[in-house]
Each structure stands twice: as C-alpha cells, then as structure tokens.
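Visitor: One structure, pasted below without further comment.
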Amino acid sequence: MPNVGIWVTMNLKGATTMDTRSQHAPLRYKTSRRIWLLILLITILLGSSFYWVTGAYSRWMHKDLDYDASVELGANASSLTLALERRMLLSDGLKAFVDTSLMNGSTLSHEQFDRFASNFVHTMQGIRNLSVYPGGIAEYVYPLASNESIIGLNLLAHKDLAIRENAERTKNTSQKTILGPIELTQGGLGILTRQSIFINNEFWGFVSIVLDVPPILAEAGVTNANKGIEMAVRANGRMIYGNRSLFERPSQLTTVNLSEGTWQLAAVPTTAKTKWIDTKIRFLRLLCSLGCALLIYIIYLQLTQKHKLLEMVKDRTGNLMTANTQLAATLDKLSEAEDQLRKQYLLLEGSERNLRKVAFHDTVTGLHNRMFFQDRLDSIIISHKSREERFALFFIDLDQFKLINDTLGHSYGDMLLQEVGQRLKQPLVQGEALSRIGGDEFTIILPMLSDLTQVHELAQQLVNLFYEPFLLQQVEYFVTASIGITIFPDHSQDADTLMKYADAAMYQAKEEGKNTYRIYDETLNADLQQKMYIKNSLRRALDHQEFEVFYQPQIELATGRITGLEALLRWTHPKIGPISPEVFIPIAEESGLMIPIGEWVLRTACAQSKAWQDAGLPPITIAVNLSARQFAPRYDLAAQVKAILAETGLDPACLELEITENMAMHDNNAAVLQELRSDNVRVSIDDFGTHYSSLSYLKRLPVDKIKIDRSFVIGIGKEPKDEAIILAMLLLAKHMELTIIAEGVETSEQLAFLQTGECHEIQGYFYYPPKSAETAQQILRSHAEGLTII
C-alpha cells in the first residue's frame, strides 16, 4: 500500500497548489481592480490639473500679450510726446531768433531767416516749414519750394474759421498755440504751432511751424510697432492713423496732453496673434492629453517595472530644466528690451539738451544769447540779494560797427563779432558770464564784487583788448568799444533798471570820445531819456514833414558871384522846437535812420534846384552831404542818385556830393564815386584835413573840390599853425588843379587871409547864414540880375 500513499500525498500537494492559485486569483483581481481604479483616479486628477494649468497658461499668455501692447503703447506715447515737444521747442528758438533780429529797430532779412531755418528743416524730420507772419501776413517761409501758396496768406482774415480763431487767440493770449491736425493749404495733413511777437508791447506778428504728421509718427515708432500689436492714433477726436474700431472695443489706451487738445493712442494684440495663442493652447492640451496617457502608462509600468519609472522621472526632470532655461532666456530678452528703451530715452534727452543749447546760444558767436542773459541776470539778482552781495553789470557796445556792417557787408560784420567775442573771453574767469544780447551789444556779469577796484581793472582790460586791429580777410580794421557799468544793489535791484542805467553809462562813454568806460551816476538818467525821446521822435519826423532843407550860398572870391549852395538839414520838433543838427544827426547815424533821411534831403535838394531853374534862374551847383551808411552795398547809392536825378529832371552836372575823408578811404566807395563822376556828378571832400588822411586817395578818386574845415578857419589870426595848414591846403589844391572852398568864414580878417592865399570860394555867416528855400531863391534872383556882394 505504500505506492498508494505516495500518490495521495502528491495529489494533496497539487490540490494545495491549485487552492493557492484559486485563492490568489481573486486577490490578483482585486489588486488589478485597485490598480485600474487608482489609474482612473490619477487620470481624472491629472486631466483636471492639466486642463486648469493650460487654461491658466492661456490667460497668462493673453495677459502677457496685453502687457506687450501696454509696453509698446507706453514707449510709443513717450516717444511721440518727446518728438512733439522737441519740435515745440523749435518754436521758442524761432521766436527768440526773430526777437533778437528785430532788436533796436533792426529788420529781419530773408537771408538771416533762411540761414537760421535751414539748420532745422534739413536735420529734423517732420518739419514741413518755418514761417514768419509780420502783421499776420506770411512773408518769410522756409523752404519756399512747395510752400509758395503760403506767401501773402493773412491768418487774421483766413477763410477757415478754425485757423482765424487760432490766430486771434495766439495774438490775444501771447501764448504758444497748437492747431491740428488739419488739412494744409499746401496739401497734406499737418500740425501748426504759432507764437505771437510783440515789439515795445505792440503786436508785430507771428512765428509758425508746420509739422508733417506721418514722419513724427514714424519717429515715435507708431507705424513701426511690434508685428503682434495693432495701433491707432487720434488727435482731438480725429483719426490720423490706424483703425477707428480700436477705440470702440476693449484695448490699451493712453493720452498725450498738449497745450491745446489731446492725442489718444490705442493698442491691441492682432487677431492673428490671438488666434495663434488659441491654437497653441489647443495643441498644448492635446500634448497634455498624450502626456497624461503616457503618465498613466508610466504609472502602470511603475507598478510593474520600477526601474523604468525612475528613467521616466529622469526624462521628465530634464524637460522641466529645459523649460526653465527657456524661461530664463525669455526674461533676458525682456531685460534687453528694457535696456533699449532706456538708451532711446537717453538719446531723446540728449536731443532735448541740444535744442535748449540752440535756444540759449547766439548762432553767430557761439556765446550765450539774450534769453540766457535775462535768465542769468534774474537768478544772480536773487542769489546776491539773499547773500547781501554786490555784482557789476558791464554793457559793451562796439563803436562804428554799423558802418562796417553796412559798408563791407554782413559777412564782415559776423566775422568781426566772432573775433570780438573771442577777445572778450580773455580777461574773464569762471563765473563771469559773457553774452551777446543783439547786434553789436555784449554784456558781462561780474559776481561777488568786493570793491570797485575789480570793476575798474576789468573795464580797463576790456578797453585795452581793442587797441590791436582786427584781421578780417587779411585786412586790418581798427574797432573800439564803449562800456557802461552799473552796480547791484547800489544803482538798482531791478534787472530792467540795471540794463537801462548801463545803457545810459555806455552812451556817456560814447559822447566822451568812445573807446572808454563809464560807471553810471544819476546825472546820466535825464540825458538818456532826452536822447531816447529824440531817437523816437526822429522815426516819425519824416512822415510828419518836420524836416526842412536850408541853403547856404557859396561865393567865388574872384567875382563875388554865387557858384553854388550847400543843402543843410534842419528839424523843428513840434514840442521842443528847433533841434541842432549836432544833436540829432549823430543819433540818426547810430539808429540807422540816416539812410532814409539822407535820401529825402537829396531828393528835396535836387527838386528845389530844378524848380529854381524852371523859375528862370540860371543853373547852379547844389551840394548835398552824404552819410557813410548810404554807401552800404544793399543801398546801391549810384542807382539811387541816378533815379532821383531822373525823377527830378536835374542835370547831373548841377549836383555835387560831399563826402568825408573816411568815406574816401574805402575802395568800394571809390568805385561808386567813379560811376557817378562818369555821369558828370561832382564830388567834393568835406572837412578836409580833420581825419586820418592818406593823400593818395586824391589821386585815385574823381575829386573836384576840397573844403577847408571851419576848425582851421577859426584859427586865422589866432593860431599860426592853423594858418600854415590852410596855406598848405591852398598850395596842394593849386598844384592838383582842384577847387578849394573854406567854410565857417565869419570875419573880415578871415576873408582877407583867404583872399591873399588865393582861395577860390568861401562859405559862412560873413556873407549868408543858411536860408530857407524861399529866401535863397530871392538871393539867387538878385545875383542873376547883376547885384553881387563884392
């Protein structure tokens, strides 16, 4: 039976094994079910998480896109603001330039305006033109090409109501105004900025700048915005760029406030960019779904193969590190973009500084200009008043600068001003501000003054600077300066009063011989007011017919007949009465009024001489004095004389032009006189021997007569040297075959001496004082009837 037992045992073992398997089968089933339940739970959790994460990522990307639009909008708004403000500053520079050019009765030439305007029109984008409107009517425009339609345009009577109202508002408020964007007269869309100019508190006109909108938008980056950003711009409700719908839907908005009106900029992500993000999210969710399935598979493998799960974890960790690297790179790019914006801001800031430099510096000399000087003077008054300190104000005016500027031309005048500016810097130290405030006028502020010794030392150093000649185009010219000085607070604590007193002291220096300096004292104020009153009265004297020409006969000693008459200007002021020519003629010369006055005297004298001939009197020479300013190239003296002779019908042989020796020394003047002499106009040298003479000019010039000055005639019988000089002049005229006349003859002793020396003609109170035209005609008629003096 042993075999049977063994078999049973074996079966029992097999049965045990089968039981164990049967017991483990439900366990494996339960475990499998738990695994799949776990996997299902993980799937639900991961799916929900991925959906939430991708949704959050989508929202983040849209916000990031909105942030990009906001950054782009802010940068463009800042750039647009700076671009507009830069061009607005140009309006201040143009106004300052016109104010300076019109100072002291000067006029603004087209050449000056074009030279100034060209510096900006060709270097700054978006400038359509710069223009000046004297009296509200366009006269100066640069560039003229394509802007011809502006010339003659009257802003105050413009057919466009908006333009007309803007002009009135600019005139009444004296503030800078901005108009636009509007359709321009010369075509296109533009912005207009205007400022009014007042001279002596009276409206003079406007300065205007026309800006092209498209170049400004391009400079601000609006038209070159990020490809993922759509932008639109409107000004005062008017669309000037982009799609109007951007302002009607949710978008990034910003406002640029100007002095008159506002500009709005809108920015939104483009539709293509938004769709790209949505497509990206859908694709990402697809990837997440695949990733979820993969992760489930990984979990499944983890439950079965732990080592594979570890490998998968390593791979996933690597992916996360890559994403982190990419994120860091993105942040670096954002940092670079910020650096670029900062650099762009610094460049714009530099441009603004350059514009301010132009506004506060003189374009001719490079020195500070009047605007800077006024600001500096106001600030130094405040600082010295608070510290109870003194300072000195120097007012420097070149002597006879207008003569050089008018006779040699503005280019010589500019060169001289540049050389003077460099010399004036030499004795100055840091803190002593030098400015050119207009024309030939300079100022120096000497701060922290301890005593007047400093003032006298600096003033004498400045005067000494002008002892050396100025070399202009390889030719030496001697120019001096007169300096007026005021002290703060001794003379005044007000900027305008300090300037007025310095001006009065400067005029006193000129009257005392020029090329010196004077410190203000109270006695100068009345003299200054009187001089300014005369200067202002001269401006209207011509229009009000206050001038009159008197005539002084010139007598031939050999025959006693009248050979000519000298035309002498007289002025009877309606309130003051007669004013001496020695008083008002120097003022007229300084102010530039001698050119129109001299022309009037020449025309009046020629017309009167022709009227005497028409009345039956014989032809007689009429002598007219010329001013040095009438020789200025722009005046064209020869053409003017010929035109007056043609207008009056006077024979050129009956006209004699009297010039001084200083005028005769200039080669340019010699050419003019040669041209006139070729037409039979006579030329005489007035005040002969009283200036720095070089007798060689008598050989070069077509001189007919020389006149002995009264300063020598007075010395006859009193001063042997004067008599010797007169005899030398008479001998010189005899050998050079020139007619010689002595003026200022008042005594019989003077007459006898001149007769002995064989002087040809005399003129003076001994025979006749200057007479009115009516009395002169009676004298001429008596001589024509044979009644002579001698």
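Yeah, the Cβs are placed from backbone N, Cα and C, and that goes for glycine too.
Annotations in TrEMBL come from automatic prediction, not curation.
Feature table excerpt (TrEMBL):
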type     : residues : note
COILED   : 320-354  : coiled coil
DOMAIN   : 140-224  : domain 'CHASE'
DOMAIN   : 389-522  : domain 'GGDEF'
DOMAIN   : 531-784  : domain 'EAL'
TRANSMEM : 35-53    : transmembrane segment
TRANSMEM : 283-303  : transmembrane segment
Visitor: Are there residues at least 6 beyond the ends of the transmembrane segment (35-53) whose Cβ is under 8 Å from a Cβ of it, and what are they?
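Guide: Here the qualifying positions are 285, 288-289, 291-292, 295-296, 299-300, 303.
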Visitor: To what whole number does the mean pLDDT across the coiled coil (320-354) round?
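Guide: Mean pLDDT, the coiled coil (320-354): 77.
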Visitor: From the DSSP assignment alone, can you count helix, strand and coil residues within the domain 'GGDEF' (389-522)?
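Guide: Result for the domain 'GGDEF' (389-522), in helix, strand, coil order: 54 helix, 41 strand, 39 coil.
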Visitor: Summarise the domain 'CHASE' (140-224) as counts of helix, strand and coil residues per DSSP.
Guide: 27 helix, 33 strand, 25 coil
